[in-house]
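**Student:** One structure follows; several queries about it will come next.
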Amino acid sequence: MRSTPEPTENEPVKRVLLAAPRGYCAGVDRAVVTVEKALELYGPPVYVRKQIVHNKHVVTTLEKRGAIFVDETEQVPEGATVVFSAHGVAPVVHEEAQALSLKTIDATCPLVTKVHREAVRFANEDYDILLIGHEGHEEVIGTSGEAPEHITLVDGPEDVANVTVRDPEKVVWLSQTTLSVDETLETVRLLRERFPAMQDPPSDDICYATQNRQLAVKQMAADCDLMIVVGSRNSSNSVRLVEVALEHGARAGHLVDYAEEIDESWLDGVATVGVTSGASVPEVLVRGVLDFLGERGYADVRPVVAAEESLVFSLPNEIRRDLKAAGMSDKMTHDGSFVASGSLH
Ligand code: SF4
């Protein structure tokens, strides 16, 4: 453990701006607790289709406790228990699970389910649905699967020119929940130039957590010589936070899974470091980054609060029912494991 160095006369005053909200959102919290409770209730192994949330640390920790992550439903043994991840699945995945007599627990975030329902509704009304999102992302695959014949993926502003629709008077746009707010507005603007009658979604598809984390970064970016975003590379909302920081004035920005990934040279000549984390990141990882910085003279930590969050979702019905029957708590409480130590502030 190194001691905190005293600043020299010519050295800039070192400080950290710590974004709030950051880290776990309500959907991630629910998904992680669902797997923890399933392990407790049914005992290991519990199968999880895809990464329950896009965070290396969470996945590794749950694996050690008996969760088995698989890419496809067919990899789950017949009759076993499988949890569907927070990103959501297409209806065909439910059919595959049924064919294998799997016990399913659907941890799809309710805010992703909301977008699925919108897709089904507009497809039933025979709209062409322009789904703004990243090609290959699990959430986009799940949403598209609700109405494949009606949905066209629009992967950012540069994709708009390629879009074709059957009837320009009957078009609606929807979006992935974890996109950049600004880039999505630009994509919508360009789409509307081509399809002036295009309808908006009934309510924001980019979720509150994505919006709030981007808002906090926007408020502090211009004051930051360096922005460190804690999150995994496959976490869409974490990657967006680095982009938003750079677009709004941070001189440099990096995504790290753990404090150990911070390159000491990033701190050369840096006075103010911004720190935030994606919606799938437990607070213990942010603590690690703050400790790392504190040991290098960045002990002055100032919060930048852009919004207050209090949303909590209840656990999926399937597991609540079984928990109740077993006389166990069906509340959204953690079992003391550090995986679930999410903190919004
Ligand atoms: S980022 Fe938003 S949509 Fe995704 S799990 Fe969290 S609350 Fe749900």
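Glycine residues also receive a Cβ, built from the backbone N, Cα and C atoms like all the rest.
No curator has checked TrEMBL annotations; they are predicted automatically.
Sharing the features that TrEMBL gives for it:
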| type | residues | note |
| --- | --- | --- |
| BINDING | CYS25, CYS109, CYS207 | [4Fe-4S] cluster binding site |
| BINDING | HIS54, HIS87, HIS137, SER235, SER236, ASN237, SER280 | isopentenyl diphosphate binding site |
| BINDING | HIS54, HIS87, HIS137, SER235, SER236, ASN237, SER280 | dimethylallyl diphosphate binding site |
| BINDING | HIS54, HIS87, HIS137, THR177, SER235, SER236, ASN237, SER280 | (2E)-4-hydroxy-3-methylbut-2-enyl diphosphate binding site |
| ACT_SITE | GLU139 | active site, proton donor |
**Student:** Could you state the whole-number distance in Å separating the C-alpha atoms of HIS137 (isopentenyl diphosphate binding site) and THR177 ((2E)-4-hydroxy-3-methylbut-2-enyl diphosphate binding site)?
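**Tutor:** Spelling it out, the Cα of HIS137 (isopentenyl diphosphate binding site) and the Cα of THR177 ((2E)-4-hydroxy-3-methylbut-2-enyl diphosphate binding site) are 11 Å apart.
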**Student:** The record lists HIS54, HIS87, HIS137, SER235, SER236, ASN237, SER280 as binding dimethylallyl diphosphate. What's the largest Cα to Cα distance among them, in Å, rounded to a whole number?
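**Tutor:** Farthest-apart Cα atoms in HIS54, HIS87, HIS137, SER235, SER236, ASN237, SER280 are separated by 15 Å.
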**Student:** If you check the binding-site residues CYS25, HIS87, CYS109, THR177, CYS207 one by one, which have a CB less than 6 Å away from any atom of ligand 1?
**Tutor:** CYS25, CYS109, THR177, CYS207
**Student:** Whole-number answer please: how many Å between the C-alpha atoms of SER235 (isopentenyl diphosphate binding site) and the residue listed as 'active site, proton donor'?
**Tutor:** 11
**Student:** Tally every other Cβ atom lying within 10 Å of the Cβ atom of HIS54 (isopentenyl diphosphate binding site).
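**Tutor:** There are 28 of them.
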**Student:** Measuring CB to CB from SER280 (isopentenyl diphosphate binding site), give everything in the same chain under 8 Å that is also at least six residues away in sequence.
**Tutor:** TYR24, CYS25, VAL28, VAL53, HIS54, ASN55, VAL58, GLY231, SER232, SER235, ASN237, SER238
**Student:** Please report how many Å separate the Cα atom of SER236 (isopentenyl diphosphate binding site) from that of THR177 ((2E)-4-hydroxy-3-methylbut-2-enyl diphosphate binding site), as a whole number.
**Tutor:** 9
**Student:** Measuring Cα to Cα, how far is CYS109 ([4Fe-4S] cluster binding site) from HIS87 (isopentenyl diphosphate binding site) in Å?
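**Tutor:** The separation of the Cα atoms works out to 7 Å.
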**Student:** Which residues in the same chain, at least 6 apart in sequence, have a Cβ under 8 Å from the Cβ of THR177 ((2E)-4-hydroxy-3-methylbut-2-enyl diphosphate binding site)?
**Tutor:** CYS109, LEU111, VAL112, VAL115, GLU139, ASP205, ILE206, CYS207, THR210
**Student:** So which other residues, same chain and not among CYS25, CYS109, CYS207, have a Cβ within 8 Å of the centroid of the Cβ atoms at the [4Fe-4S] cluster site?
**Tutor:** ALA26, GLY27, VAL28, ALA86, LEU111, VAL112, THR177, THR178, TYR208, ALA209, THR210, ALA279
**Student:** Fewest other CB within 10 angstroms, which one of the binding-site residues HIS87, HIS137?
**Tutor:** HIS137
**Student:** Specify the count of other C-beta atoms within 10 Å of the C-beta of SER236 (isopentenyl diphosphate binding site).
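**Tutor:** Taking all protein chains shown, SER236 (isopentenyl diphosphate binding site) has 24 Cβ neighbours within 10 Å.
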**Student:** Name the secondary structure element type, per DSSP in three states, that contains HIS87 (isopentenyl diphosphate binding site).
**Tutor:** coil
**Student:** So which one is it: of the binding-site residues CYS25, CYS207, which has the fewest other Cβ atoms within 10 Å?
**Tutor:** CYS207
